[in-house]
């Protein structure tokens with residue numbers, strides 16, 4: 001019975017996925033994922049990326065966000081990306097495959113950043129979802145806390161943080177934590193984000209000294 005339920009749920013998800021207009025547009029444009037459109041909408045409203053910036057991209061695969069940011073920061077910019085999954089190369093992106101929760105992977109990532117600070121840290125990380133919020137939300141909050149920890153390590157004063165968060169237990173506390181570290185914090189729900197999804201994007205700018 002459980003397998004039948006999962007099969008029906010998976011079929012509905014696939015049907016919804018391939019009928020999604022942003023998935024179809026991404027395929028037509030040769031984009032890596034529909035996440036490209038989410039970031040484009042955020043950039044139009046919040047202007048996070050500028051030529052010459054250095055950006056850290058956490059949870060980067062398959063590369064939709066990195067693919068977009070390359071067009072915004074230009075040839076003098078740099079993206080340092082990390083994901084547990086493999087990602088096909090993108091010109092201008094220094095990709096590290098590994099589990100961000102692993103100390104050795106984190107160390108390697110920090111070494112790639114080097115001594116200079118970055119202007120933007122962005123995270124589209126998400127755990128493997130079970131469909132049970134009581135299980136999924138704590139896993140998600142753990143990942144976004146790690147992303148915020150990366151900000152503390154590498155983000156320059158005045159820098160920006162963009163993070164995908166699933167609303168649920170711990171969300172309000174996390175938001176307060178971010179507000180203590182940044183001068184301006186907004187919550188975005190891009191059109192390309194499915195309406196029934198709990199995901200929202202926190203856009204934090206002006207990292208405090």
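Keep in mind that glycine also has a Cβ here, set from the backbone N, Cα and C atoms.
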63, 65, 83, 124 bind S-adenosyl-L-methionine in Swiss-Prot, but which of 46, 99, 102 does that record place at the same site? 99
Given residue 65 (S-adenosyl-L-methionine binding site) and residue 164 (active site, proton acceptor), what distance in Å do their CA atoms have, once rounded to a whole number? 12
What does DSSP call residue 164 (active site, proton acceptor) in the simple three-state scheme? strand
If you rank the binding-site residues 83, 99, 124 by how many other Cβ atoms lie within 10 Å of their Cβ, the lowest count goes to 99
Enter the number of other CB atoms within 10 angstroms of the CB of residue 164 (active site, proton acceptor). 24
Students should find that the Cβ of residue 65 (S-adenosyl-L-methionine binding site) has, within 10 Å, a number of other Cβ atoms equal to 28
